[in-house]
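Taken verbatim from TrEMBL:
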BINDING   60, 90, 93, 178  Fe cation 1 binding site
BINDING   90, 142, 178, 181  Fe cation 2 binding site
């Protein structure tokens, strides 16, 4: 099937650079087509898709802002390249969910300005504790996000694993990369951060609250 034909059919959903959709949140046109067997814009669970895409977009945006804050403080240190590698992956995650928001006409959470400020502040603040603080933040955030992705995987599996196969594969891929970041944090002395257990608990409580609010607002 050609890209033009894919763009005209609501039953298709994969990237296609020549099929143009409306402007994204970043002011650029995004080319998408959908090629999932059994999944159409008419037969999906819209409430679930709306909630999943909005909260995942918000989460990846927040993760990007955290890493931006960490890079602002530690970018020129020995751990800078490690943070940059994780940031590059988070940018790719955010780009994909930005594309899905356009394709499924999902509005972003109204809390984006808040996540912009608090994400950067959290990244920079923990980085000021040293690389251990930054990595403790990474462990806390990524563990929470991976748990959240697992919940979404269970939801989609219960809905229809064949219909949502491609979205499931995407979320699983991102979940695995978040777990890699988690392990990277541990291998770079996250547990040596000051008051590690308390710091981790506080950050994770904030992440869970952010997830709850972003799904609904």
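Think of each number as a place in line: the chain as shown, counted from 1.
Cβ atoms here come from the backbone N, Cα and C positions, even for glycine.
Automated prediction, rather than curation, is the source of TrEMBL annotations.
Summary of the Fe cation 2 site environment: with the site residues 90, 142, 178, 181 set aside, the chain residues having Cβ atoms within 8 Å of the Cβ mean position are 63, 86, 89, 138, 141, 145, 146, 177, 179, 180, 182. Within the same chain, residues at least 6 positions away in sequence whose Cβ sits under 8 Å from that of residue 181 (Fe cation 2 binding site) are 86, 89, 138, 142. The Fe cation 1 site is set by 60, 90, 93, 178; from the centre of their CB atoms, other residues of the chain with a CB within 8 Å are 59, 63, 64, 89, 92, 94, 145, 174, 177. Within 10 Å of the Cβ of residue 60 (Fe cation 1 binding site) there are 23 other Cβ atoms, across all protein chains. Counted within 10 Å of its Cβ, the other Cβ atoms near residue 178 (Fe cation 1 binding site) come to 27, all protein chains included. Listed in sequence order, 60, 63, 174, 177 are the same-chain residues six or more apart from residue 93 (Fe cation 1 binding site) with CB atoms under 8 A from its CB.
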